Structure formats: structure tokens, C-alpha cells
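**Q** Can you keep this structure in mind? I'll have questions shortly.
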Amino acid sequence: MEILMAIVIGFLFMSAVYLMLSKSLLRIIIGTGLLSHGAHLLILSVSGLKDKAAAPLLGEHAKDYVDPLPQALILTAIVISFGVTAFFLVLAYRAYQELGTDNVDQMRGTEGNE
Amino acid sequence: MNNLLILPILIPLLTAIVLMMLSKYVNAQRVLSAVSTVATIAASIVLIRKVSVNGIQTLNLSNWEAPFGITLVSDMLSALLVTTTSIITFVVILYSFKSIGRDRERFYYYPVVQFLLVGVNGAFTTGDIFNLFVFFEVMLMSSYVLLVLGGTKGQLRESIKYILVNIISSALFVITVAYLYSVVGTLNMADISMKISEVEQPAILTVIAILFLLVFGLKGAIFPLYFWLPGSYFAPPTPILALFGALLTKVGVYSIMRTYTLFFYHDTGYTHQILSVLAIITIVMGCIGALAYWDVKKIIIYNIIIAVGVILFGVSVMTPGSLEGSVYYIIHDMIIKSALFLLVGVMAFIVGTSDLKKMGGLIKDYPWLGWTFFVAALSLAGIPPLSGFIGKLLIVRGSFEGEAYVGAGIILASSLAVLYSVLKIFLNGIWGKPKEYKVTSKGNVNYLWFTSAILVGLAVCYGFGADVIRPLISQAAEVLVDPNIYIQAVLKE
């Protein structure tokens, strides 16, 4: 199971890198979304994916529970990446309005230095 | 009172929350943020005293025992860095009063600065690797807002690049923490260190060490990963630039110091060798940039990169002397970089541009500004009685002890490049033929000069009072040399 997940996560990273190397800003943002999906799935899988373990709720009275720590880490990481992505999207919108392009190649030029 | 070490995080956090409600009342915001930052400084100075008397302070949040809850750890290094950070933020807030402009002030400038202080102080104090990630994000999120606040074209363009780079490095951080967790099964830094020494750092941990170097190197701008820094730091206004230049990269450098002295000290032949080579190239690249540009901001920006290289070289050598030198140098560099950014900010404010070729003869009208800059420049280069000297001396001596002669030679040579680059500003901008510049109100200039002079004065005191501060620095370096002190303080065995 972990091997399958590793391959899937690898594909996610691959697509993320490919998208982030493209020129359109929206494709880049989609790439960052895929990148964070990959990272979150990775946290979940590295601690082991047990087949017959209960959800981490003490009411379940199970013999074996899944590791609760990575789930808390993912939850934190998800909201953080939500915040950052929302900010990034609005920034991209603003940049499109002000700079008139969504092509990062045309966002060159730093005024003030030769 | 053991809750002392959370105060440098808590005070700015509460202030930021209150300030958000006062966004329309600029004067109230100014007074409140200045007062609360003074309180933060006071708390952190008390903390230094406490750490110097009683040793490392730890705080288990909500009484969970050490490896299971989040532990805040304040050793001397982090206490010193927290104090320096708070002082710099205070001066930058004072400087902002007359330079940042009403529009930005009304749009949550001060709360965001306080959040930045929360993030940086938290990153210096935390004893948990995932909590470090969270504080990194607090710091980065505020830096995104500060970078783009105002919304000029240059800022928008550079923010996009800066955010993209940091999103990637944050994702890498999460991935690295996931790998580390899968190997050692814990997140508490002291516990991680113990688990790693139990398994004696197999190859997978060396891979994780290099991943950490990538992550923190992206934040701290080391050689192949510094490409984003010159453009991004050029965009925002002066006080924000001073905050970034003094604090953000140093958090990355601090994290490398922490991880490489606390976690990965078993196989130094590989990891520290790479760190040392990267540090040397970082210094060289920084020197090339600092010599190449004719723009006052760019010159100082490339000097950040040089300093990052120098500090990390001291860490990579891992002799007690060089580690002590690194601690000395990182504090010196935080103070002097913010001072220099504020000073060149004053110069750019007078002239109306940061292009060095359009400046000249400022000494005629602003002699005090000129001489303060001169002192700051000498201090940056490390001329003996001033603050940059002792750190570099210790690093060079330590690397001779560790037989790293090439690096030591390059550090010495880099001082020349640093000196040349800042004296270029001095000779062309402050000396030289007076050029036409729009007359600005002298009151404002004097105020801005005065606030930046506070930091220069502090740097001078730091240099002259080296003997007074020496015991604190040695105490900070002790923990870096012997991680067991840290582990025992946290896990209390």
C-alpha cells in the first residue's frame, strides 16, 4: 500500500514541478496546489498505512488505532496552505490587473538597477 | 516564573490582535506598537538574565511532558537572538513613523510587523520541529503581506516570485519533517537528537540533513538558492527592507545552526563538508554582487548574502572557537544590516533615488548622516574596535584550528570586498561633488537619521563591550558544541 502511495505522490510531485516551470501564472498556482497535496499525502503515508486499525477516536474501543499525530500535522499544513494559496490567488489577480499579463516571462525588469 | 520565555511571543501576538481593531487610528497604533515592543525587549532582557543565571529555560505547554507536548526552549543563543530581534523591530517601528506613509499605516502595517515579530521570536524559541514550521509560516505570511503592502508594480511582481519560492520551500519543509518523522518517530528536537544518536545517523538521515539544508538554505539564501533574494528585497520600502534583511535570512541561518549542531553532528565529514563548500561559494557570489552594483540598496543586499556565508562557514567548521564566532557574528550582522539599510534609506530619501551615480556630496548638508554611515561601514567590514571584528576573528581562528585554511582565507579576502563596496557608497554618495537633489524637510531627515543612529550606536557598544558580552556568547556556543546540555535541559533525565 505504501509503495502505491509513494508512486502516486511521486506523480503528484512530477506534475507539480512541470506545472510550476510553465509560463502562465495560473498553471503555476495549480502546481503549488498539487505540490501541497503531494506533501500532505506523504505525511499520511510515511507513518505507515495500517489495514485494520480504527480511526483515532477513543469511543471506537478498538485494539489498534492509526497514528493520530500525522493527521494533526496534515490538518495544520492544510489550513496553512489554504491561507497561502488564497493570498497567492488574490495576488495573481491584482498582478493581472496592474501588470496586464499573466505570463511570468513578461514580468521581468526590476526598475532601479542596470 | 517559568512562563517568562513565552512572553516575547505572546506580547506581540496580543498587540497585533488589538492593533487590528485600531486600524483607523494611526496615532494610537504607533504608540501602542512602540510601547508593546519596549515591553517585549524588557521581557527578553529579563529572559537573558534568567538563562545566564539558571541555565537553559524550558516550558512544557499545558504541562504535557517533554517529548509529547510542544516544548519551548530558551537557551542563550535563542534568548540573545530574541532580544536582538525585538530591539531591531522597535527601532524599525520608530523609523516607520516618518517614512512608511499614512496609506500603508492605515492598512494594517503595524499589526503585520507585530505578527512578523511573533513568527521570528517563535522560530527562535521553539523546541519542536513542526512548531518551527508553523512559526516559519507565521513569519513568511507576514512577510508576504509586508512585501506587497502598497501594491506598486515592482512589489506585485517581486511578491509573486518570493511567494512561489517560499511555497516550494515550505512544501519541502513538510516533506522533510515527514521523512524525519518516519525515521525517528518524534517531533521534539531534543528527542530527535537523542534518537538519531541512538541509531548513529544511517545514510537516510544524511539525506534528510541535506534536505534540511535545502529548505533552510532557501530561506537563508545560501549559494545555489539565493537567486530570489536580490529582486525581492529590492521591492519594498526601507523599513520593511531593514526588517527583512536583519531577520528573515537569519532565521534560516539559525535553523541550520540548530539542526546541524543538534541533530546531524555524527557524520560531519559529509554534511558539514557540503555546508562549508556552499558557504564559501555563497561568500564569493555575494562579493561579486556587492562589487558589481551601483545601487545603494543592492550593495547592502548582496552584503547580506556574504554574511550568511561567513556565519555558516563558522558553523560548518564545528570547532568551539568558530561556533562562538558564528554566534558573535550573527548578532552583529543583524544589528549592523538593519542599521545600514535604514541609513541608505535616509540617503535614498534625501536624493529621491537609490542610484549611487545620482548621489554625491551629502556630507555638506548632512555631516552627521555621513559620519554615522562611515562608522557603520567600518563596523560591517570588521575594523578592530568595532563590532564586526571579534566575530570574524573567532571564525578565522577557529577555522585555522580546524585546518580549513581556504575558507579562512576567503573570509579575510571577502572583508576587503565588503569594505570596498560600502566605501564605494561613502566615497561616491557622501563624499564627492554635491549633486542636485530635491530639498526635503530637514526635520524628517534628522528624525530618520536619529533612529538609525540608535542601531549604529548599539553596534558600536557591542564592539567595545565585547568583554562584557563574552560570557553570554560563550554560554550560547557551549550548547552548540555539546548538544547533551540541550537534551538534558529538555528531557530532564
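In case you wondered, yes, glycine gets a Cβ from its N, Cα and C as well.
Keep in mind that what you see is a predicted model, and the values were worked out from it rather than measured.
What TrEMBL records for B:6-23, B:30-48, B:68-95, B:107-124, B:130-150, B:162-184, B:204-228, B:240-261, B:301-323, B:366-384, B:404-427, B:447-465 (among others) is transmembrane segment. Residues annotated as domain 'NADH:quinone oxidoreductase/Mrp antiporter transmembrane' in TrEMBL: B:128-413.
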**Q** Against which stretches of its own chain does the transmembrane segment (B:162-184) lie, if we need a Cβ under 8 Å and a gap of at least six residues from its ends?
**A** 129-130, 133, 136-137, 140, 143-144, 147, 191-192, 195-196, 199, 204-205, 207-208, 211-212, 214-215, 218-219, 228, 232
**Q** Could you check whether the transmembrane segment (B:107-124) and the transmembrane segment (B:240-261) come into contact, where contact means at least 3 Cβ pairs under 8 Å with the two residues of each pair 6 or more apart in sequence?
**A** yes
**Q** Would you say the transmembrane segment (B:301-323) and the transmembrane segment (B:68-95) are in contact under the rule of three or more C-beta pairs closer than 8 Å, pairs 6 or more apart in sequence?
**A** no
**Q** Who are the long-range neighbours of the transmembrane segment (B:130-150) in its own chain, taking Cβ under 8 Å and residues 6 or more past its ends?
**A** 70, 103-104, 107-109, 112-113, 115-116, 118-120, 122-123, 156, 158-159, 162-163, 166, 170, 173-174, 177, 187, 219, 232, 235-237, 240, 243-244, 247-248, 251, 255
**Q** So which of B:6-23, B:301-323, B:447-465 has the most C-beta pairs under 8 Å when paired with the transmembrane segment (B:404-427)?
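**A** Counting Cβ pairs under 8 Å, the winner is B:301-323.
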